[in-house]
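Trainee: Sharing the feature lines straight out of TrEMBL:
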COMPBIAS  369-382  compositional bias 'Gly residues'
DOMAIN    194-313  domain 'Acyl-CoA dehydrogenase/oxidase C-terminal'
REGION    344-382  region 'Disordered'
Amino acid sequence: MDTLDTRDDLFADAAGPLLRDQCSAGQVRAIEAGGSPRALWTHLENAGFADALLPEDQGGAGLSLAQVFAVWELCGAHHLPVPLAETMVARALLAQAGCAAAAGGSITLAQGRVDAAGGLHCANASLGRVADAALVQHAGGWQLLPVAQARAEPAAFCLDAHLHWSAAQVAAAPLLPLVLRHGLDLRTLQACLTAALLSGNLASVLLRTLEYANTRQQFGRPIGKFQAIQHQLAVMSEHVCAARMAAQLGCQSADWLPERLRVAVAKARTSQAALAVAEASHAIHGAIGFTQECDLQLFTRRLHAWRQTAGSESFWHAVAGAALVDQHQGLTLDLLRATTDVTVPSRSSAATPRPCEIPAAPQAPGPGVDEGPGGGRPGGHA
């Protein structure tokens with residue numbers, strides 16, 4: 001039986017200050033506007049995070065998915081504009097195949113399609129605009145291709161890109177001997193790390209929205225004192241807490257490769273939460289949340305982008321449903337118990353943080369307090 005490790009995380013403790021210093025909202029805006037991510041990537045590379053999943057005898061830290069979960073969560077919480085989580089997985093894959101020497105710089109993960117002429121096309125490559133290389137899985141196998149050689153076209157999210165390599169460029173890149181255990185593919189690996197990124201981002205959106213609700217005044221009091229706003233915050237908290245537990249479940253593995261069914265649960269729940277939390281946060285912020293000057297849009301744009309990355313909730317619900325129909329004899333509850341066979345250590349053996357620790361919502365107004373016009377719905381707070 002696996003165990004959710006809730007002890008203090010030394011790796012997250014090291015990553016937190018680095019991301020706070022090097023990944024401010026201003027720096028993210030500069031990179032999104034076309035600035036170079038090189039300085040930020042150099043700091044992350046020098047700190048050793050990119051090699052965290054590599055075995056120790058190959059210069060890495062030999063960590064498992066469960067041990068890097070909190071680092072990935074922080075990357076999402078700080079809207080990191082470079083593919084650190086993807087690079088960690090890509091380097092572990094390349095090291096397993098004996099190709100570690102090729103794993104320099106930042107690497108994104110992408111699914112590709114080879115056309116009739118031999119060219120390779122990757123739609124919506126996550127952070128493809130800022131990555132140095134792309135590890136691509138296509139019908140013919142795996143290849144590592146330089147992004148600088150690709151013809152890049154803008155995608156929906158500003159740092160993603162549609163990447164196209166010519167037949168000659170594809171032919172010049174060797175096929176890599178990457179073999180994953182049964183049931184795993186690039187989409188599953190990408191969904192696992194994206195669920196962790198979503199978890200961190202969701203928590204940040206909730207915290208920002210709580211802060212705004214406690215400071216924005218309407219009718220002489222913070223809007224968080226109104227019951228309608230408190231209800232929205234409570235629903236957000238439920239989504240964030242459930243999403244974090246699911247994302248932790250997706251990363252519960254003794255090594256750096258996840259279990260596909262757990263990933264299905266993780267990505268489905270975090271993607272589902274992404275839409276609900278983004279909607280509620282913008283409803284509470286009002287029109288200001290959509291402006292370029294407000295930092296909220298840095299988070300919620302990523303929620304919408306990551307919700308679709310590696311498959312939305314509908315795709316992964318179908319994966320979980322297929323597992324129930326094809327692989328399991330018994331009740332749905334039996335499959336859920338087998339999939340979520342994870343326990344939390346007792347409080348006597350585990351320190352904070354807890355598996356899901358969400359700050360309390362603003363306190364409700366006392367009995368008899370007039371909540372203002374509109375049945376407790378503050379108007380015009382935009």
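Start at 1 and count along the chain as shown; that gives each residue its number.
Using N, Cα and C of the backbone, Cβ positions are placed for all residues, glycine too.
Nobody curates TrEMBL annotations by hand; they come from automatic prediction.
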Trainee: Check the domain 'Acyl-CoA dehydrogenase/oxidase C-terminal' (194-313) for me and report the mean pLDDT.
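Mentor: In the predicted model, the domain 'Acyl-CoA dehydrogenase/oxidase C-terminal' (194-313) has a mean pLDDT of 95.
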Trainee: Tally of helix, strand and coil residues over the domain 'Acyl-CoA dehydrogenase/oxidase C-terminal' (194-313) according to DSSP?
Mentor: 94 helix, 4 strand, 22 coil
